[in-house]
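Have a look at the structure below before the remarks.
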Amino acid sequence: MTALLIICFCLILGSLGKPQFPEQEKDPKFWNAWAQRTLKNALTLQELNKNKAKNLILFLGDGMGVPTVTAARILKGQLNGQNGEETQLEMDKFPFVSLSKTYNTNAQVPDSAGTATAYLCGVKANEGTVGVSAAAVRSQCNTTQGNEVTSILKWAKDAGKSVGIVTTTRVNHATPSAAYAHCVDRDWYSDNEMPAEALQAGCKDIARQLFENIPNIDVIMGGGRKYMFPKNASDIEYPNILKHSGTRKDGRNLVEEWVDRMRNKNGRYVWNKTQLLTLNPNNVDYLLGLFEPGDMTYDLERNTESDPSLTEMVDVAIKILKKNPSGFYLLVEGGRIDHGHHEGKAKQALHEAVEMDRAIGRAGLLTSDHETLTIVTADHSHVFSFGGYTPRGNTIFGLAPMLSDVDQKPFTSILYGNGPGYKVINGARENVSTVDYKGNNYQAQAAVPLNAETHGGEDVAVFAKGPLAHLLHGVHEQNYIPHVMAYAACIGQNREHCMSSSGSAGLRPAFSIHPF
């Protein structure tokens, strides 16, 4: 009992070691003045931005549910030496916020493929499928034909805009692939991952579709190099490491084919940071950047000499795309937020989210809200939470200020509903004070043991700014998002409202139901 009291006392003392909150917060004037400034700013939003959107940017935080946004906000502040709670993320500054219902047609708790089809193609779909309607059945090749649905990236390209994809995952992973592919199985990265019967029936792998379906995507950046090269071809960065070697059974070198096709079109292929950052965007019209054989590394583990950050990729992408006088569409995925959560590694996930927020800030500096509609959202959430009555300024990766009143052990604020962090030692919950719970790869404790933590099924936030951003309000189905973006930019469906000569997109109730 004495030892228990000492531990409790030490925990309490630790939380009292620094001021709990700034002195000014004791004065009601501080809060009233802040609220009045916020009110004054909100009143300016009565003047709605009804311009036509020249540019469209979608930032997709894969797995970035609301608890992840809140925790990332605190982390961002703490990285800057603040308590954290009062910090503003770049996405927090967007004037319009709504909620998106993320379920797939056949799944209450969705996956990243069916959701990508929703927010890119405008129709809900089955889990595990990309760029096809819910009439398609996962892994059944013969349900592909006739059920293809096109994406807003294609609508933008068809309207004469430049288009780009930037991701921290493989460029043929679930999220980006729904922008260009029509595939009944998200795992068909190359022909090596496809069953023989699917190949015989004429289905194409996703890497191949990246280069063939919309052959002139202006900017493509991310990982996934090995899926573009012949089987066992040695990787340029990791020579003679078999797991990084090429996978393609058809013997094609898709990168070489792309380079040949773009030779006289100011096309450049790069595979490292130096090559990327020494490019002059004014002299590059097409860019293919494949920086890892598989997914790109977590930002916390990134080799800053050889691997570009998401922010650096977004910077180059926008500088190339914005040269088009007709504007651009850009999909940016912070894809490894999701991976960090699946592995129970909250620190990795939250640093990925903070890096995506930096990229959002950079995009804001390179564009104007007057003509650019920017949306930030997630495809789904995770069973990630943080709680435990932590005091103000508590490190987001720290302990709750008390012991469990059941097993008398400390616990971290961050916990998962399920996942690989479930650990029992001698028949009892692991004592987290005996391990490095602040380590980059610490797996937070979970209630149910699983090799990989699962997605969460709750609604996710949609942050919007720019032309017609106010159309994202309230609670909507996830597939509503690309319809708003297309309407704002006068691409795809219902363009009758775009006839105004003033440059305004107008809001006349003109709405056709012609197919895309």
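Placement of Cβ uses the backbone N, Cα and C atoms for every residue, glycine included.
Because the structure is a prediction, the values reported are computed rather than measured.
As annotated by TrEMBL, signal peptide applies to 1-17.
Per TrEMBL, the feature Mg(2+) binding site maps to ASP62, HIS173, THR175, GLU333. Just so you know, the Cβ of THR175 (Mg(2+) binding site) picks up 29 other Cβ atoms within 10 Å once every protein chain is counted.
Take the CB of ASP62 (Mg(2+) binding site) and look out to 10 A: across all protein chains shown you find 29 other CB atoms. As annotated by TrEMBL, Zn(2+) binding site applies to ASP62, ASP338, HIS342, ASP379, HIS380, HIS455.
Look at TrEMBL and you will find SER112 tagged as active site, phosphoserine intermediate.
SER112 (active site, phosphoserine intermediate) sits 9 Å from ASP338 (Zn(2+) binding site), taking the CA atoms of both as reference points. Distances between the Cα of THR175 (Mg(2+) binding site) and those of the binding-site residues ASP338, HIS342, ASP379, HIS380 are shortest for ASP379. Of all Cβ atoms in the shown protein chains, 29 besides its own fall within 10 Å of the Cβ of GLU333 (Mg(2+) binding site).
Cβ neighbour count for HIS455 (Zn(2+) binding site) (all protein chains, 10 Å cutoff from its Cβ): 23. ASP379 (Zn(2+) binding site): 30 other CB atoms within 10 A of its CB, across all protein chains.
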